[in-house]
Structures are given as C-alpha cells and as structure tokens.
Amino acid sequence: VDMESQEVKKNIELKTPLVKGPSQLPLSRSRLKRGPNQMEDALEPAKKRTRGVGAATKINTSRSRVPPLTTVPQTQGHTAVQKVPKKTAPRCSTAITAVLKNQKPVPAVPAQKPGPTAVPPIAGVKKPSKRPAWDLKGQLCDLNAELKRCREKSQTLDQENQQLREQLKEAQQQAKDLGTERSTLEGELARVRTQAEQGQQQLGNLSAHVLELEERLGTQEGLVQVLQKEQLELQEERRGLTTRLEEQERRLQASEAALSSSQAKVASLQQEATTQAALLAERGDRLHGLEMERRRLHNQLQELKGNIRVFCRVRPVLEGESTPSPGFLLFPPGPGGPTDPPTRLSLARSDDRRATLSGAPAPTTRHDFSFDRVFPPGSRQDEVFEEISMLVQSALDGYPVCIFAYGQTGSGKTFTMEGGPGGDPQLEGLIPRALRHLFSVAQELNGQGWTYSFVASYVEIYNETVRDLLATGTRKGPGGECEIRRAGPGSEELTITNARYVPVSCEKEVETLLHLARQNRAVARTAQNERSSRSHSVFQLQISGEHAARGLQCIAPLNLVDLAGSERLDPGLALGPGERDRLRETQAINSSLSTLGLVIMALSNKESYVPYRNSKLTYLLQNSLGGSAKMLMFVNISPLEENVSESLNSLRFASKVNQCVIGTAQANKK
C-alpha cells in the first residue's frame, strides 16, 4: 500500500492527472484529518453513528471519466479489503492523507438520496459493483487499474505515433522521388520542345531553298528558250553561208580554169606579186591598228590629264515600282550625234513650293548635268566595263587606280561593282570583270617576259571601324578589329592589321572571296531599301609586275570601292528599336562622304594640307587619291520621281568632283 501511495503521489507531483472527473475518495479533507481512532469510527456503518439533527452528506463515489484499458474484476477489490487487518488501517489512512494533501480541494457535492450511482457501461469490461465508502484499498486498486490502463493506452498511442511517423517519412520520400521524376520529365519536355522548334526552323529553311531553286529553274528555262532561239538563227545563218560557199567554190573553179591558160607565163611574176601584196597588207593593217589605238589613247590621255573621270548610271525601273512620267529623265545625244554615247543628263523637278493658290500645277524646273559618260537604264554590264577596261589595264602599267560607286541607297551601286545574284555571267559586276581582264592581259604579257602576281584584300568601314570581310572563324569577333598602319618606318605604303591578304590567280578564287565578303558585310533595312549597305566596302588588289630580262618592276594598287548609301538623314531612318543605331550609321556615312569631297577639293586646289585622316576611308585610300593616281567615279541614281531630291544631291556632288583637277598621273616603276 505504501508503494502504491508513493506512486500516486509521484504522478500528482508531475501534474499527470490519473482521472479527469472528481476524486473517487469518499472522504472529505476534514474527515481525513482525524486520528486513527476517528478513522475507524468513520469506517463503521452509518447506523452505528449518531450525529446531530441534520441531513447526512455523502461523497459521490462515481467512477472516473477516463475509460479503463483493462478489465479489473469486482471481487478483487473486496478481497483485498477483507484480507487487510484492522490494525493496518491507520497506516493506510496516513498514507492516503499525505497523498491527498497535495491535491486541490474538491468542492462539496450536494447530498443525494441513498442508492446506487449510475456508471456508464464500458465495452468488454464487466460493470464493477459500487464500493462502500470505507473501502479505500479497493478504491486504490481501482485507481491503480486505471493507471495501468492509461499506461497501456499511452504505449498504444506511442506505437501508433511511431507508425504514423514512419508513414510520414515514407510519404516524404515518395514526394521527393516524385519531384525528381517531375524535374526529369520537365527537362525531357523542354528538350522535345527545342527539337520541335529546330525542326520547324529547318523546315522553313528547306521551304525557302525550294522556292529559290524553283526561281532559278524558271530563269534557266528562260535562258534555254533564248539559246534555242539563237540556235535556230545560227542554223539559218549556216545555211546562208553554205550557199555562199558553194557559189564561191563555183567561182573559184571558173577562176582556176581561166588562170590555168596563163599560169605558165606569169608564174614567177605572180608568185612575187602575191608575196609582196600579202606583206604589204599585213603591215598596213598593223599600222592602221596602231594608229587608231594611238589616237584613242591620246584622246583618253587628254581627258584624264589633270581630271577625274565621272560616269553617271541610271538603274532601270524594277518590278513593282511606278513608271516615271515621260520627260522626267532625258538623255540628249552625244557631241557627234545620235550615234555617239550620251554624256548629258536632264532631270525635271516639280517645285511644289511655287504652286498657286488657284490650284494650278506647280512649274517644272529642269536640271542639266554633263559627265564623261552617261549610261541610260538599258545599259548592260559589259558596256559599262568596256568604258573602264583601259583604265583597269593601267594598273598593270604601274598606275594606282581607284574606282568609286557613289549614290543613294537602292540606286544600283553594289550591282555595278559586284553584279547580280544567281551567278549569271551577263550580270557580273566590275570587280569580277576587272580581275578576269587583268588575268587575261597578264597572261598575254607573259609571252613578252613580264610576270605578274596579285594579292587581294576586302575590308569594310562601318561606323569609322575597319573590319575584314574575308575573316573566318574567331577572327570575326570584336577582337578582329583592324587598324590602318604604315608598312614600315618611313614607308608611304599603308597596310591593315588583322586583315587577310589572299594571293589570287584565277577567277574561281575571286568568286569565292566575293561570296565570303557578301555574307560578312553589314547590311540593314531602311526606309529607302529592304537591304541597304550600311558600310563602305573596299576591294584592294595589289599588282606586282617584273621583267627579269630588262630588270624592270612596277607595283600599283587597284581599288574598287562600293560606298554606303548617301541619302540624307531623315528619309533613311527606320522606325523601331534600332532607330538610334540607324541614326549613328547614317551620321558616320555622311561624315565620311563629306570628307571624301573635301579631300578631292583640297587636291584640286593643290592645298598644302589634305584632310586624309578625318575619315578612315580617305586615310586608307590616300595613296590612290593623289596626283599619281587615276580615279573614276560612278554616280548611280534612281529613275523614280519619289527619289528626285536624293538624285539631285548625288548629281550635284558628282558635278563638283568632275570639275576637279588633281594633276598628271605617273607610273610607279623601278
């Protein structure tokens, strides 16, 4: 009993309630404070005790609210009480009294009628009988039984808690695995989407390639039809020649018959006369050819002496463009009549500022210009090159040669210099034709003891930055910027750092270089043209010739320059996020073109200071702009009336250049 009392006291001190309801002890605190003898008296039956007049009070001995976990037989408590002798009652009472001192006071329960207390039935537990108020040990046993059941229930709850923790841990592990699997599936989905986008892009590229091939097929079919037509014409001409040949054969036979009678008489005289006549005819033809060539070269020499030649070329109206009104562009005949090539151009402009208030049309003003040669819209590429072929050949003789293509965006500068797309030989520009001509003439001069070597470079000047158009691989990046430097201390020759200098000897090598440069050149969309060159491209060919037998050398550069669009600032702006970049590009282009005009004017006026370094373009070409160089400028204009303002600006600039005199050209010979 002492051990059980101590255990109950320990649970109370740890604030672990054994029961949730009121205490089951039948005695109040006042009665527990009595002595052992009084306790025994309290345990006697109520009929043996006599108290004063008043209602008897009774402590509610109802069962605890905590449901028991195990079943305790009713007779167990009674047996324990019967076996305890009376002399141990004070000891038990003292222990219980000590335990209950630490409990909170229990409020008095109102008196109830004598009778059994209703106890709710518990499933699986036999309903215990009501213990008498004096059976403290039985009540203590009941408390111990309830304590045991609570502990078993606590253990059961701990086991369930442990199982729930394990289930939670498994669920977290499953969630982590599912998260990993989800990340894997998302990555796979992103990869599949990327592959799908690449497939769509490849499909678009293939479709564009198919359209391009269909367009080329249509061009080839047209060419085949033209060739078939020419074949029919040649066959007809062949039949005519065959007829003439037969007639000539008949006449020859008649002549042979007539001569056969007198052949014996005049055989020796005829032989000598024939030999002298053939020699005289050959020398006469050669002398005539040399005389005509001397006259033509002398005439060109007078034109080039101290002057810059300026050609004007008007591009044709393209498909989808409006046809200009009659009389907008006129090409008066040359000085020798309609058979001479035109050298003048007349352009009409309607001055809207002079329109009358009555609504009458504004007066039209005509602007006349004169150049060394004017090419109408129908001029072919071979006709244009024929005019400059002798100038190109001068580079083989040791003269620096520089040819410009100047004009607004979309006026045909790049077409003039490089040619059209598709590789059509009829559309080849000046660059491939000039190199083909140089290779051919160099091969002819090789029989006279001259050997030539050619080294090509191709750069562009974009926003006053020199970039190599022949760069490949890592040299295309920002680290591949080029600088213009002197070849050596005290040398007048200029070279470009980080630029490729490629030796060339045939047309195919030149075509490869032009194709690579065309891909690397800076282009952009403007309000004037869908694809506009935003930089100056400079093709330089260094020509070195040597005559070993006579100890002669000649070195000269050939510069073919495709200038950027010369339009003014406002019409060339493209709306959108890149407006600031287009503005910077246009300012740099106009600044360099203005510097070019200033350099030419300074050379014409023979000024002591020429501002070559004000622009990268003029600094690079300074050795080809001075008095020892031959220059030619193509001014390209548009035939559209909407571009009349830009066309007039280009023509006026070209007229100023045409009036300049830069001195007599001299060959660089050693």
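Cβ from N, Cα, C; glycine included.
Among the ranges 157-177, 220-240, 325-345, the stretch that TrEMBL annotates as region 'Disordered' is 325-345. Among the ranges 351-370, 411-430, 571-590, the one that TrEMBL lists as region 'Disordered' is 351-370. Summary for the binding-site residues Gln408, Thr409, Ser411, Thr414: the Cβ-based neighbour count within 10 Å is maximal at Ser411.
A sphere of 10 angstroms centred on the C-beta of Lys413 (ATP binding site) encloses 28 other C-beta atoms. Neighbour density around each Cβ, counted as other Cβ atoms within 10 Å, peaks among the binding-site residues Gly407, Gly410, Gly412 at Gly407. Across the coiled coil (147-307), mean pLDDT in this model comes to 86.
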